[in-house]
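So the structure is just underneath, and the comments pick up after that.
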Amino acid sequence: MAPNTASTALWPAPHASGAVDATVHVPGSKSVTNRALVLAALASEPGWLRRPLRSRDTLLMAGALRAMGVEIEETVSSSSSGGGAGEAWRVLPTGLRGPATVDVGNAGTVMRFLPPVAALADGPIRFDGDPRSYERPLHGVIDALRRLGARIDDDGRGALPLTVHGGGALDGGPVSIDASSSSQFVSALLLSGPRFNQGVEVRHTGTALPSMPHIRMTVDMLRAVGAQVDTPESGGEPNVWRVTPGALLGRDLTIEPDLSNAQPFLAAALITGGKVLIPDWPARTTQPGDRLREIFTEMGGSCDLTEFGLVFTGSGAVHGIDVDLSDVGELTPGIAAVAALADSPSTLRGVAHLRLHETDRLAALTKEINELGGDVTETADGLHIRPRTLHGGTFHTYEDHRMATAGAIIGLAVEGVRIENVATTAKTLPDFPELWTGMLGQ
Ligand SMILES: O=C(O)C1=C[C@@H](OP(=O)(O)O)[C@@H](O)[C@H](O)C1
Ligand SMILES: C=C(OP(=O)(O)O)C(=O)O
């Protein structure tokens, strides 16, 4: 069981005395690591993950797959194809077994990607998690799996806790869902789709679908392990994805750095007029964090993608922004923090679904920035942020890793900010406090 990250401890957020100038090695992507684990577990041969993220969300994913019989060996490799030395996970897929119990913590990727995997196991898989996991939407996955042939016991709310009674196989076929509350519903069904008897055809019928880059990440990673996937972008119908049944290859994959977790460090360069190098920034990626190059440039910085990585430089000026973040919702807390320090107002749009993330992020950002003297209002689908002179105080984090890093960004520019439960960053970036003080040379 992963550690409970709840704590009332206060962390004095370091204040920057000048422009930062640092190289920050950002650990692997949560989204890529957890997809790679699922695909490796479903493959017909062993596979490798090089430089995987080791954080609460990914250890929960590995633990859940192990509970279903998958072997995941941890090694320190001396070399890898393109990855260099570092940690590696070797995944040895086996027939998926039940009964088992899965702790999802508050990981959207675990609670959504694994019920379809559990439907392929040969016994009951019980899913439970943090109190917040009971409130996060899961109906798209539960309803779809039932229509595709799975037996699931839940308490009728379309949410956790629940038991998937794996029958060793699943019919699959066409299914319609409303994924407007989470793109992870679509990703979940596609990831296991090659292992369903008829594959799967997922049709999104709701209003706007958030986080499209994450769906592209799912499709790209499926194709990389040999799956055939038809998408709207490859000439298919709008909002329809089709996965053909077939065996998946075991691959040797080096995990990219988590570009959304690079955000606070780029923000540090932006707001202090400094410079940060993020090594291994991929030249081509589906990660939503890549949009930061454009967004933080519009907010006053500049960037250069070099052979060493991404060099991001602040100009000393920080501008407000009017931006639709529906594709890149997980970047919202960090952008809101920078916007609170800008020289003009900002409007962040297209992110109503953030109310059902780790916490209600729109309410949490509004309350916490305003309690430091800010002027933020919630809109139907985002935030209006009018910069004010901020003062120190306690920044509450609601067990949300991105609230903690947002508070740290503000603390760089505002003296006396104390972050409650900075340990909650362990969800995706356990080393955050050390990386942050290291960046500041402290
Ligand atoms: O598939 C993924 O890895 C993710 C998809 C997004 O979820 P939503 O579409 O629910 O916002 C994103 O916010 C989350 O951090 C990771
Ligand atoms: C929304 C997030 O996570 P999850 O995978 O739990 O949905 C996030 O990391 O910002």
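Glycine too: its Cβ is placed from the backbone N, Cα and C atoms.
Where the annotation comes from TrEMBL, it is an automatic prediction and has not been curated.
Just so it is clear, the model here is predicted, and its values are computed rather than measured.
The 3-phosphoshikimate site recorded in TrEMBL includes LYS30, SER31, ARG35, SER182, SER183, GLN184, SER211, HIS357, and the single candidate from GLU233, GLU237, GLU330 that the record places there is GLU330. Remark: ARG402 (phosphoenolpyruvate binding site) has GLU330, THR332, PRO333, GLY334, GLU358, ARG361 as non-local neighbours, by Cβ distance under 8 Å and separation of at least 6 in sequence. Recorded residues ARG136 (phosphoenolpyruvate binding site) and HIS357 (3-phosphoshikimate binding site) have their alpha carbons 7 Å apart, per Cα-Cα distance.
Each residue contributes its Cα atom, and for ARG35 (3-phosphoshikimate binding site) and GLN184 (phosphoenolpyruvate binding site) those atoms are 11 Å apart. Using HIS357 (3-phosphoshikimate binding site) as the reference Cα, a 10 A cut-off selects GLY108 from the binding-site residues LYS30, GLY108, GLN184, LYS427.
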